[in-house]
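Annotated features, as they stand in TrEMBL:
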type: TRANSMEM; residues: 20-38; note: transmembrane segment
type: TRANSMEM; residues: 50-70; note: transmembrane segment
type: TRANSMEM; residues: 82-98; note: transmembrane segment
type: TRANSMEM; residues: 110-128; note: transmembrane segment
type: TRANSMEM; residues: 163-184; note: transmembrane segment
type: TRANSMEM; residues: 196-219; note: transmembrane segment
type: DOMAIN; residues: 255-327; note: domain 'PAS'
type: DOMAIN; residues: 336-388; note: domain 'PAC'
type: DOMAIN; residues: 457-509; note: domain 'PAC'
type: DOMAIN; residues: 510-580; note: domain 'PAS'
type: DOMAIN; residues: 591-643; note: domain 'PAC'
type: DOMAIN; residues: 663-884; note: domain 'Histidine kinase'
type: DOMAIN; residues: 903-1019; note: domain 'Response regulatory'
């Protein structure tokens, strides 16, 4: 059935809407009243949630009034739907109010019912039809009201969704009743009674409306009037609280006035605050205490007056007292006392003792807090001082004992108990007092006489424990008096020196043994004070440096070591001494330093020195002890080993990076080949007068520039040479330096070339590139101009020099390039041949020049090194193996396209090379077979061996290496002519193929003219 509403069918039903609308208005007014209370103090959220609940209650009453006034089923249907939503929503808001009112609804339960409500309302909004209401059988009901009034209305049956929502609402209401019952048992009685009456009315109205809905009661629906009753009870409670609060404020004001005179003249600070610890009054003494005036303090929150920890403590104490008050006011302490730290206006916080209690109204309920605060800083300081002294005495390693003015022993510390065996003072008193610890009573009498005459006594005494063990101690005894000179007692401090005396004797013996060792060892033993003045040097210094110990003692520290060692040692000693002096518990440690000592004969000797600080018995550092051993030969051997390791690491690093660079250059050359091939084809079809002809030639020039870059990469990669011939190195130098000098007027080049320099087998282009890179590097090192010296000479390298660079000994031609520039630091010198390393701006260098030079010279079987110091320029030395061959004169080939009609087999695994190569060869007039793999090439060659005049083959292919393919071709036809083509230079594998009889080599990328001439060179 419909549940809690009805549908009016005629004007006569309006009679039910009047009281419903009136109830809604009253409820809304009550909600506004609660909202006003909340807005006034912003402390009790229950007023806000009940105000919102009243709004929903009021809307429900309006929905009821609209329902009773409806004149059609659709209109009533809309009002009934709103009525159902508002009914369920009112339960949810009422649950939130009960949560704030009782603080007994767990958050999980609160949010569970809230989410269930949201789901039910969402489903009811989204779905219509019979799931919500059954419109097929509306019922007409008649109710006989008082005074002979009759009301006729419709009821519509609820669908399953609305029935489920009503069930959820009933469960929520049951949970509210459960919470109210618990609150009635444990909560404040008066507050609980108001809530219990409200819940009883709600339960009665809901029960009545259920019976009405089921046709078991002749009464009309009453829930909207039940809401009115709930609102009335809770409004009554709110009014009661407002009245009490006003009365409490008035009473508080009277109490403040009553205590004003007392507080203003007291030596402590009196204050009052509300239950949120907001100050309502504070006595003038607060200004003496903190520097804040009473007016300033009243504007500050307690968290601004107290330190954070103390503010938290104060709030915790208040909440604890409130909880105790709520549980059992009788058992609540009348006052609490605790210590807090209070901030000063100008100065550090101070400790204060605070005593606080509740201010209560006439009925005994807390309405505020009153407190007394006094400064206890001096007491705190005195207590901390007493505790410090007590802990110091207790933790002292010396045995300390005290007796009173009657010489009765009353205290000793743990060290005394451990030393003499008396655990408690009364045990020592029973044994005869402090005199009983003296092994010789005469020494006890002597100490007592000294105390009486002088007020103190110090001396070594032999004591004994309670078990008869004799202990040699150092006794320091003093009289303790008050400020008027009256005797208060005696204190004695006993220090066990038995072991110290034994150690002293042992030390005397060990010093003699150490002296014998120092005078007979090869190592130099020395000591200095903290100013590094020599205090001892062993005789072995003469063997090491040529000076006697007496002479060394007269020398300054800087006269013993070289300048660099003096600087380094002083820096290290200063740092270590600072660590020793600043470390609260320094551990003994030593450091090992390599020092370069000056010898009498003007030379130097390296010494490995183990150094440590010397200390007094109290741990104070007084000097430095060192033992120095001659390591000159070992250091020389170590330097040689490090140099070899460094060169090996450099070679391995450059080798790895060279492999990568070579691969990149190879792939890049293949890409350039594709571009160059297409350009060559385009140029064949264009007349020089065509506007595009010039642009294509420009592109071709850029490809040549890019080819130069890849040649640098291949040079760095040590990827072989291109065309090796015996050459006069002087000719290459003169040609390159002349060209460079014409473009750099600010640089002067001076050559000193040996006239009969031995020939060298080199790739002219690569060596010229190396020379140019060195000249550019020298020019960039002299931005203001300068001189470049170039020198060549024949040299014969011995085994020692050659093996350090991994080359065979023998005849070499050395070329030196020296500049007068800024020089290099050691760090730069180590990395100067690293690829992409540069000290110049990005726009002035790529870092490839010297790396490429290094790779090219290495690939020629030579060596390149550098010598430089900052501010003194740099010298690069190149060593190239001398050759016994005669110098070959260079012939510049004529640049033209040469055609032919023969048959050529083109082999390459790159599709772009195959495509463009085939078109180029056909354009030159040749008949072409193409193969994209070695196996495919062999198959074509077998079938056409007699037809094919020339094979052009790539060197690196995935299925088969170039040298293996060459061998297979030779097996098929012995006189086959082969042109090797590769993106790599003429290196290892390519050189092997040439040596086996390959007819020629051409490096990618090549243009039409180069290819045509190479082909004719082989075929003709």
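The backbone N, Cα and C atoms fix where each Cβ goes, glycine too.
Not measured: the values here are computed from a predicted model.
Among 20-38, 82-98, 163-184, 196-219, 20-38 has the largest number of CB pairs under 8 A with the transmembrane segment (50-70). Ranking 457-509, 510-580, 663-884 by CB pairs under 8 A with the domain 'PAC' (591-643) puts 510-580 at the top. Sequence-distant contacts of the transmembrane segment (82-98) (same chain, six or more residues past either end, CB-CB distance under 8 Å): 3-5, 46, 49-50, 52-53, 56-57, 59-60, 63-64, 66-67, 105, 110, 113-114, 117, 120-121, 124-125, 162, 165-166, 168-169, 172-173, 175-176, 179-180, 195, 223, 227.
The largest share of C-beta pairs under 8 angstroms with the domain 'Response regulatory' (903-1019) comes from 663-884, of the ranges 336-388, 510-580, 663-884. If you take every residue in the domain 'Response regulatory' (903-1019) and average the pLDDT, you get 86. Residue counts for the domain 'PAC' (457-509) under DSSP, split into helix (H, G, I), strand (E, B) and coil, are 12 helix, 30 strand, 11 coil. Break the domain 'PAC' (591-643) down by DSSP state and the numbers are 12 helix, 30 strand, 11 coil. Counting residues of the domain 'Response regulatory' (903-1019) by DSSP class, helix then strand then coil, yields 54 helix, 25 strand, 38 coil.
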